[in-house]
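Asks: Dumping the structure here so I can ask a few things about it.
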Ligand code: MF3
Ligand code: CO
Ligand code: CO
């Protein structure tokens, strides 16, 4: 039996049940997510040839501390950094280190701040100096995948509609969708139900309802979709070493469609690409 007191003090856990949030939840998410978006805005000028991903990670930690937020990744399942920095053929969960970025690299920076208990999770691609046309095209396709996935968010539709929108566009552009990682519910938890697949069909998944909060974070490859995780236990790379890109927003389902919590206040949602 769970008494009132037990329930009150029980830690939140992922029970598989999909939570629905009201106005207070949405307001908490707006604040956390806007802090994350502001951090990602600040990084636009910092990402240059010669800068190390460790320096970027330190900035993410300090910007959070300055604004009362803690990075959710720090000590998450043994992860020891404040961000993930995934360069070129790294698909996701790249670990910041002392290696400098070089001209022509593309790097995803993924930040999740916890502010007042709410999780703001977002990532963007940053070109390092001038990049090749093929890399630029991958960034354009991947951002468009994210936005098409977001367009598919409507109460009454299933989460499979998101995956379908992403997969059909990516494959029409001769790119592939990574299957091994997905978007996720979040709010007062970092990773919660439901899983948001970036491939599939509109009649799959759960029905979306107003008040649901989740991320959409497609990983798109120029080559084949297959990935492997390196011996550090985190870094996921494309098996064929082709370039990979990812953009991520945290969103809330509304009666109309959805609210994007992590939009850049400066319009820098796709750094280095024409807005
Ligand atoms: N921010 C990532 C996501 O989008 C999760 C990173 S978990 C870590 O869900 F431990 F690798 F940092
Ligand atoms: Co996420
Ligand atoms: Co993320």
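Glycine too: its Cβ is placed from the backbone N, Cα and C atoms.
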Asks: Among 121, 232, 240, 269, indicate the single residue that TrEMBL lists for the divalent metal cation 2 site containing 184, 217, 248.
Replies: 121
Asks: Hey, for the divalent metal cation 2 site built from 121, 184, 217, 248, who else sits with CB inside 8 A of the CB center?
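Replies: Here the non-site neighbours turn out to be 110, 112, 122, 123, 183, 186, 214, 215, 216, 249, 250.
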Asks: Could you give the Cα-Cα distance between residue 121 (divalent metal cation 1 binding site) and residue 217 (divalent metal cation 2 binding site), in whole Å?
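Replies: Per the Cα atoms, residue 121 (divalent metal cation 1 binding site) and residue 217 (divalent metal cation 2 binding site) stand 10 Å apart.
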Asks: Ligand 3: which of the binding-site residues 93, 110, 184, 191, 248 have a Cβ closer than 6 angstroms to it?
Replies: 110, 248
